[in-house]
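The transmembrane segment annotation in TrEMBL covers 6-27, 39-59, 79-96, 103-122, 142-170, 182-201, 207-225. The annotation region 'Disordered' is assigned in TrEMBL to 232-261. Annotation comment: TrEMBL describes 249-261 as compositional bias 'Basic and acidic residues'.
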Amino acid sequence: MIPIIAIANLTNGIISALLAARLYARYKKSMPSGQRSEGVRYFIAFYTCIAIMWLLYATPGLVVSDLYLIMILQSLGDVLVYVGSIIAVQIAFLALNRRGAGMIVSIGLATTALVYILGRVLNPHSHIVSEVAPYIYWHADIPGWLAIMTGLAAAVSSVIFITTFVMLSWRARDNADVFRRSMSLASGMLLLFAASLIFFVFSTGGFIPAMTASLLGIAGLLITLRGIPHRNEPSDSNTPADLIPTKTPQEKRSERVNRFN
């Protein structure tokens with residue numbers, strides 16, 4: 001039997017790791033040590049987190065076969081969903097220069113992560129093996145509310161992220177490059193949002209939903225990468241966050257607010 005979903009997740013994990021490494025290399029090369037972008041650091045952390053998550057999801061059938069050990073590794077992957085959600089929230093509120101609000105939302109997400117961990121400790125059921133010839137895959141045997149809570153946590157962070165960058169793209173609609181960046185970030189996260197809903201909320205362990213979520217996830221990361229700023233590019237296109245209209249158009253032309261630089 002072929003562990004097709006594990007193979008797909010392994011592919012996604014490798015691609016995510018390569019994207020994280022590429023982003024880090026460009027970040028180190030293009031940004032002097034004294035001008036390192038906090039926003040790009042968050043994106044590097046986000047891609048690294050997603051890479052580790054998918055590699056953990058890829059372990060069944062490829063690395064381990066013990067159902068209880070699979071449950072532990074997959075649960076760690078779920079915890080990283082919460083970590084990635086917190087990072088995405090931090091990126092959005094950093095772009096809006098609303099760190100305080102971002103911290104409040106992050107604390108709420110961290111609390112749900114603790115609830116999830118407690119729920120898994122109290123429900124330590126091993127994973128279930130399913131076969132769709134010639135394929136084999138594994139899915140969790142947990143209370144539905146735990147899976148839904150994980151999906152909703154990812155959904156909350158995704159909606160915040162998407163709303164932020166759609167708003168920024170509208171405010172920057174006269175700047176084609178910044179508009180493209182904002183929409184790339186929003187569109188990529190929209191696909192990640194759809195993937196999380198399918199995987200955690202609407203999926204009941206089915207083969208097709210799991211594969212669909214996996215493919216949507218990697219597509220979302222690839223699109224999001226197009227919107228991440230780099231220091232070696234023109235200053236007018238560094239980031240959508242630098243066009244937040246916190247000042248009048250006249251003031252912005254003389255002193256632009258750029259939270260990613």
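Including glycine, each Cβ sits where the backbone N, Cα and C put it.
All annotation found in TrEMBL is predicted automatically rather than curated by experts.
Long-range contacts of the transmembrane segment (6-27) within the same chain, counting only residues at least 6 positions beyond its ends with a Cβ under 8 Å from a Cβ of the stretch, are 36-37, 40-41, 43-44, 47-48, 50-55, 57-62, 137-138, 211, 214-215, 217-218, 221-222, 225, 228, 230-232. Of the recorded ranges 142-170, 182-201, 207-225, the transmembrane segment (39-59) has the largest number of C-beta contacts under 8 angstroms with 207-225. Within the same chain, residues 78, 81-82, 84-86, 88-89, 91-93, 95-96, 105, 109, 112-113, 115-116, 119-120, 123, 125, 178-179, 182-183, 185-186, 189-190, 192-193, 196-197, 199-201, 227, 240-241, 243-244 sit at least 6 positions outside the transmembrane segment (142-170) and bring their C-beta atoms closer than 8 Å to a C-beta of that stretch.
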